[in-house]
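K.L.:
Take a look at this one; I'll ask things after.
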Amino acid sequence: MAKQDYYESLGVAKSADDREIKKAYKRLAMKYHPDRNPGDSEAEAKFKEIKEAYEILIDSQKRAAYDQYGHAAFEQGGMGGGGGGGFGGGGADFGDIFGDVFGDIFGGGRRQRASRGSDLRYNMELSLEEAVRGVTKEIRIPALEECDVCHGNGAKPGSSPITCPTCHGNGQVQMRQGFFTVQQACPHCHGRGKIIKDPCIKCHGHGRVEKSKTLSVKIPAGVDTGDRIRLSGEGEAGDHGAPSGDLYVQVQVKAHPIFQREENNLYCEVPINFAMAALGGEIEVPTLDGRVKLKVPAETQTGKLFRMRGKGVKSVRGGAQGDLLCRVVVETPVNLNERQRQLLQELDESFGGPSGERNSPRSKNFFDGVKKFFDDLTR
């Protein structure tokens, strides 16, 4: 079976310089490397093909021989003197190539820095009143805190971490894997470049200890479910003196027995009897600041909304305060005595029945529509 042209294998022109060849090889090697394609025989074969092509074309002597003789230059006896066949010596510096390309795959590349502490989350449940007015609450959270004996460096007081003798402070070591060399985090110091010979007796060299701490959290007025408050530096302590993480307080507002909130407006339902709805009058309605009087005009229908401006929620981000919207619900009277029943019957008769035109225009329109509907069906 004929071999693929080396230039075609790398997808470069025959005039490509070393920089273009190296760039093409890095891109293809990353794509087809066996560690990224486990169990894929086609990817493995492609990887071997591009590796062979790269080894020939990056070496000026081998490239010149290939340009003149093609693949025959590297077949058994096909080239004298300095050729060498297959994957023979010289050519690519795989330690250099794969140190760049596969550093992340094999865990190497750079010295590992002490990691920042983890962020923490605390779920805080508030009443509607607390959310609207704002409140200060104390919370207690478990967290990893900086050790107060070694002050986070993990070493026994009076001593200090020493340079790792395995990686000599680099935090990484070179490992030979097949035809190339890769860099990995030093297994002795775990990539830090230093080791603790005399660990702190309290934190055992970790630089952090488990503690519970109490914090005072100020909740601003106007917060709502889903809002998040960030307390910088109040998360877990960082690794060996690295910065601490943050604490995020997640707000959840409990359901209220009277009010419902939509953005900065409050809604409530206010029941009124049918006499009040028909004749009008004045009622007391609740607000978060106490009761206020509301005038109900005569002939008010159930479901009508009354807006009380400025009685809603103050925006946590500034701006105008929301409103309170009261929806009146006309109640049907129950538990009637004989006198009340008699009066209602007299009232009904005075209306002229359920479809009385003057007193119940919507009822008349409804019954007129029903009559027309059935008339149309019988035509």
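Cβ coordinates come from backbone N, Cα and C, glycine included.
According to Swiss-Prot, the feature domain 'J' maps to 5-70, an assignment based on sequence analysis. The annotation zinc finger is assigned in Swiss-Prot to 134-212. Taken from Swiss-Prot, the feature Zn(2+) 1 binding site applies to CYS147, CYS150, CYS200, CYS203, supported by sequence analysis. Per Swiss-Prot, the feature repeat 'CXXCXGXG motif' maps to 147-154, 164-171, 186-193, 200-207. Marked as Zn(2+) 2 binding site by Swiss-Prot: CYS164, CYS167, CYS186, CYS189.
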K.L.:
C-alpha of CYS203 (Zn(2+) 1 binding site) to C-alpha of CYS167 (Zn(2+) 2 binding site): distance in Å?
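P.N.:
Taking the Cα atoms only, CYS203 (Zn(2+) 1 binding site) lies 25 Å from CYS167 (Zn(2+) 2 binding site).
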K.L.:
Do any residues, 6 or more residues outside the repeat 'CXXCXGXG motif' (147-154), come within under 8 Å Cβ-to-Cβ of it, and if so which ones?
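P.N.:
Tertiary neighbours of the repeat 'CXXCXGXG motif' (147-154) are 160-161, 196, 199-203, 205-209, 237-238, 240-241.
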K.L.:
By DSSP, how many residues in the repeat 'CXXCXGXG motif' (164-171) are helix, how many strand, and how many coil?
P.N.:
0 helix, 0 strand, 8 coil
K.L.:
Take the C-alpha atoms of CYS167 (Zn(2+) 2 binding site) and CYS150 (Zn(2+) 1 binding site) and report the distance between them in angstrom, rounded.
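P.N.:
Distance between the two Cα atoms comes out at 25 Å.
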K.L.:
How far is it from CYS186 (Zn(2+) 2 binding site) to CYS200 (Zn(2+) 1 binding site), counting Cα to Cα, in Å?
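P.N.:
CYS186 (Zn(2+) 2 binding site) and CYS200 (Zn(2+) 1 binding site) have their Cα atoms 22 Å apart.
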K.L.:
Going by DSSP, give the three-state secondary structure for CYS189 (Zn(2+) 2 binding site).
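P.N.:
Once the DSSP labels are grouped into three classes, CYS189 (Zn(2+) 2 binding site) ends up as coil.
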K.L.:
Spatially speaking, which of the binding-site residues CYS147, CYS150, CYS200 is closest to CYS189 (Zn(2+) 2 binding site)? Use C-alpha to C-alpha, please.
P.N.:
CYS200
K.L.:
For the zinc finger (134-212), jot down how many residues DSSP puts in helix, in strand and in coil.
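P.N.:
Split into helix, strand and coil, the zinc finger (134-212) gives 0 helix, 35 strand, 44 coil.
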K.L.:
For the recorded Zn(2+) 1 site formed by CYS147, CYS150, CYS200, CYS203, which further same-chain residues have Cβ atoms within 8 Å of the site's Cβ center?
P.N.:
ASP148, VAL149, HIS151, GLY152, ASN153, GLY154, ALA155, PRO199, ILE201, LYS202, HIS204, GLY205, HIS206, GLY207, ARG208, VAL209
K.L.:
Could you state the CA-to-CA distance between CYS150 (Zn(2+) 1 binding site) and CYS164 (Zn(2+) 2 binding site) to the nearest Å?
P.N.:
20
K.L.:
Express the distance between the Cα positions of CYS147 (Zn(2+) 1 binding site) and CYS164 (Zn(2+) 2 binding site) as a whole number of Å.
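P.N.:
That separation, Cα to Cα, works out to 23 Å.
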K.L.:
Just the number: how many Å between the Cα atoms of CYS200 (Zn(2+) 1 binding site) and CYS164 (Zn(2+) 2 binding site)?
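P.N.:
Cα-Cα distance, CYS200 (Zn(2+) 1 binding site) to CYS164 (Zn(2+) 2 binding site): 18 Å.
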